[in-house]
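First the structure, in the form of structure tokens, and then the observations on it.
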């Protein structure tokens, strides 16, 4: 439970707005105030939830909303958030009133929506409801955030545009909610008002000034919603507003479609087809108009709003500077892109809402049937007319005009002849006699031209309440060919009609004509004929249908009600008995909300209830989904005879609790049912002290809470009621009686001896609560009873503290008149005088100071005096009174805040002048060094700035200010310096113009540099274009340096376009691009790169922009420079320490950067000034993952060996040469050794990857394997470890070259070359040279991603190796063995081991 202390703090600003004693607040006023603690929305949410929880509540009448509200209010109160919080704001009666109001509105809306839709409107209604739910869900989520966005946007250009969006959205939401709960007739009148809301919302898509479309397109066209950098806060806020406005725009369309659909359906049901046509036409026009605005017309120059917004979203999403995945913007953008694409797809997929063509009425009418009048509606002398409507799948046209009237003379049921529709649409036929309500009489399918108007008359005959007449007409019409399977009202057939009218003769005949499926045929709401019969009390029909084997437990679609539910709520005992005769019946079947037929029987009365209770299998205590039993409902309905009937079963649990642990007694107390409460209390088994969960509220608590004094008084007098029971938080009935101002209850409590010093868990006594309630008269009553006026809460507050801090003047004065201690302090060291100052209680402050003037300057623990607190809360009269009483005008609290600072910050010029006149210290500053002048500047109060500048005798801005010395460490800076800096930093352009333009302070603070630093383009433009300041400024570091470093792209663009030097020194040899790189501003880097940056320029550390990007871990910038500016940079360049980019990347443990550099071919062999390669550094630093990567991915094993062996390098000791000499291979050793160097001229770039030594060694391995010769001869057994290492290294390198020839990165990643090298070395060292071939083949075999073409290429490379090397001194036998080896290698490794075979399969 939230603490009272927290509530007091949160509620303070709301409380001071409350009216003084004696003035009652309206429900709306209370709701507004309480909403500041987010109570109002909570109540609305609860009210909305109940519609789902209790939508089938079997309680009828006007009290339905009240009962449901009471139930949900009980739930809310039980949540433990009651009590003190509501007491503070006087909101204790708001939940019940507001929930009741909201519920009544929601029930009205549901009643309207439960009306059926014509076939023409069903699909439209589904589309609208589906789309509204998608759009409104996210729009509501954005709503609260949009308020915050509105408040924070100060930009002069953007703010008015956003305000238009906000104003329209608020108006739309307000009007939508206002009409939502209207009753049907009022709802219709509101929608049909001339120049009303429908017209206004239709015009929202026009480019008029007060429309919604205009500001949305203005944002898009001006580019306000596209951020220029990640710090472009304004653009992100405008983007949010654009998205919110666009969703509102879509919501408006669907709202209009919903309303026009409703109106069309309403008049269709009424039979006013002309009005139906009018709104049906409006429906289509609205859709087509909005569709054009939203998705365009398909031409390139007519893009819709959704396309334009999606373009904005994609532009933002594709901005590389955003770093989207790191700041959560990406998720939001994707969500909106998906939403708008979904909406667009939905709208585009619907070409139109209606068929555009209105049918011509070509009907020729003739009476061919021998059916004489009178029959049904056919009476001689009446005039009959017909109208038609096209229907094609889910689209319908308007209804045609009525045909000329035809007089009825002796014959009925004419034949209508019409031309066949060429587009093969169905034709609906309507009929009207005289001026009566039209009826749908049938449907003509394609290819048919004749229609006999007889089926509707059959349906009407079955509906006739006069059974004899109905049966006679039905028999005649059926004999003459009427269709018993034709459907009419809401999908009902003659079976439903006979079931409703109770015409058992017709139903009996139909049961022989129909199939079993037709007897179970549901209408559009899921009602089968037996549902209709049970709901109408036609027991005979029910019995007949049961005998014919219909489904007895079938359920309706929405509420899932069985026929037994319907009979029970109607009280039809005989029908109930017939239903119970079925062996299949389930008497305890539940509906959607878990209510059983017995729950419904509560509404049906005592007789039906008795019939239920006589059933052995009945569950008397069955609970709904929310835990309500039938006994709960009987009490809620205040029907004691029904409750008594239940009790007569001797099975009822009278203490049963619902999901919130609320009993029937609780509900009686909540609803104020005194007589019912008496009956319950007198029951022997009653537990009067059951408490709700988790609120722990008893029935007595609820009776007091809802101000039912008679019920509360009765309960308190009852011996089995605990009057001292504590609810959550330690709240007793006595506390609630004070909270609610129940004097009668308090008097009774005093009479029965209740302890008046009862304390809540936070030690609030009744007197504490009275002191901060709206019932100050209770204070004297409690004091007269001896209440302790010096009692303290856990926070040390006395009743007087609470009265003053809650703005309760009358309560405070009553306590003061009783000589309470006015010098008591609470836990914050505050006295009542502090509270009076905070809440502006002048009369209380005067009363206290008249008693003790010394408290005027008393400080609390925060060093706040009463004067300072009054100033912080802008209570002018109190401030002036304190100053007149000698209060220290320059008082400062622990943060350094003083009265002058408070009013300067708020922009109150009159009070600033007043304090100047009272000789306040104008140079006083807070702990951050901020004086009144800085506050005025930072908050844009130009009037105060000008006033201060005019008071030369009191304030001089040229004075040195040491309070902010840390901001100006190298010199003594004046107030003027900080003021100009602040004006620029906080984007106060009018004040900048005053300082620079009017006063001529061009040099102070370097305004152009500061404007560039903070990205204020308007100020930059003003200074350059109107004050003619140089774009390069007068300092060493230029404005461009500042703008680039801080990523202000638009400012960078502007400065460069106006001649700023992109290579100007920014200090330490750095230029603008270096500054941008250090902060990872890719977009700025790209722009500067395109405008003449010198990429070879080095800073004082010898670092180029490229090396800076690597050092700063700016991965995307580094890749951009390598990929796009390769001609301007040297990937292998070195700084003053001879470090390359790879060295730097290793230093910073940036594996991603290392991979990037390796990918683009950086030389891994380069050594820095300390003779270290990048791999050496990684090994020394023990960066194991980097070491592993460099070993396996760099592919330079010879260099690895050299690094490992230092001065014993193979190249230095010439051991490779010695090794090859022993093989009798002649070569130009130095050239071979240098073949890996960039400076080598021996090989072209294409051939430079071929290591001749490695090739020879690999071939030698293969030759000796297949010729069964030893690899190392006996003479070489003593060969040094270095020679063996060299051989293994070269073989592995050549093997890597073979793999590289595939250009298959995945294949290379699957081979661990370090492992290959180790195995080859081990084999050579141990003399197991035959294993080398197996090692290499095994490595190839481990590659899972090799494709057949890769294998063929691999084989080709191996087989072509002979031609790539020269063996001048090799013997013929060796050459022959070499050729045979290549063949055997292909056969044994690529084929025999199955590698190639497997890959080709």
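Glycine is treated like the rest: Cβ placed from N, Cα and C.
Residues or ranges marked as signal peptide in Swiss-Prot (evidence: experimental evidence): 1-20.
If you take every residue in the region 'Furin-like endopeptidase recognition region' (17-20) and average the pLDDT, you get 34. Swiss-Prot lists 17-20 (among others) with the feature region 'Furin-like endopeptidase recognition region'.
Shown in sequence order, 1036, 1037, 1038, 1041, 1045, 1072, 1074, 1075 are the residues of the chain, 6+ apart in sequence, with a C-beta less than 8 angstroms from the C-beta of residue 1066 (disulfide bond). Annotation comment: Swiss-Prot describes 413-1066 as disulfide bond, evidence class a curator's inference.
In the repeat 'ANK 1' (458-489), the DSSP tally of helix, strand and coil residues is 20 helix, 0 strand, 12 coil. The repeat 'ANK 1' annotation in Swiss-Prot covers 458-489.
The repeat 'ANK 2' feature in Swiss-Prot is assigned to 490-521; the stated evidence is sequence analysis.
Across the repeat 'ANK 7' (660-690), the DSSP tally of helix, strand and coil residues reads 16 helix, 0 strand, 15 coil. The repeat 'ANK 7' annotation in Swiss-Prot covers 660-690 and rests on sequence analysis.
Taken from Swiss-Prot, the feature repeat 'ANK 8' applies to 695-723, supported by sequence analysis.
Residues or ranges marked as repeat 'ANK 11' in Swiss-Prot: 795-824. Sorting the repeat 'ANK 11' (795-824) by DSSP state (H, G, I as helix; E, B as strand; all else coil) yields 16 helix, 0 strand, 14 coil.
Taken from Swiss-Prot, the feature repeat 'ANK 14' covers 895-924, and the record attributes it to sequence analysis.
Remote same-chain partners of the repeat 'ANK 15' (928-957), defined as residues 6 or more beyond its termini with a Cβ less than 8 Å from a stretch Cβ, comprise 154, 896, 900-901, 903-907, 909, 912-913, 916, 922, 963-964, 967, 974-976, 978-979, 982-983, 985-986, 988, 990-991, 994, 999. Per Swiss-Prot, repeat 'ANK 15' is recorded for 928-957.
Helix, strand and coil residue tallies for the repeat 'ANK 17' (1004-1033), in that order: 18 helix, 0 strand, 12 coil [DSSP]. Under the heading repeat 'ANK 17', Swiss-Prot lists 1004-1033, citing sequence analysis as support.
Per Swiss-Prot, region '4C4.1 epitope' is recorded for 1026-1032.
Break the repeat 'ANK 19' (1068-1097) down by DSSP state and the numbers are 15 helix, 0 strand, 15 coil. Sequence annotations record features per position, and here Swiss-Prot assigns repeat 'ANK 19' to 1068-1097.
The repeat 'ANK 20' annotation in Swiss-Prot covers 1101-1131, and the record cites sequence analysis as its basis.
Annotated repeat 'ANK 21' per Swiss-Prot: 1137-1166, in sequence order. If one looks beyond the repeat 'ANK 21' (1137-1166) by at least 6 residues along the same chain, the residues whose Cβ comes under 8 Å of a Cβ in the stretch are 1102, 1106-1107, 1110-1111, 1113, 1115, 1118-1119, 1122-1123, 1131, 1172-1175, 1177-1178, 1181, 1183, 1185-1186, 1189-1190, 1193-1194, 1196, 1199, 1236, 1238.
The repeat 'ANK 22' annotation in Swiss-Prot covers 1170-1199.
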Could you count the residues of the repeat 'ANK 14' (895-924) that DSSP puts in helix, in strand and in coil?
17 helix, 0 strand, 13 coil
Only counting partners 6 or more residues apart, tell me which same-chain residues put their Cβ under 8 Å from the Cβ of residue 413 (disulfide bond).
367, 369, 371, 375, 378, 452, 453, 454, 457, 477, 480
Checked against DSSP, the composition of the repeat 'ANK 2' (490-521) is 24 helix, 0 strand, 8 coil
Which residue counts does DSSP give the repeat 'ANK 21' (1137-1166) for helix, strand and coil?
16 helix, 0 strand, 14 coil
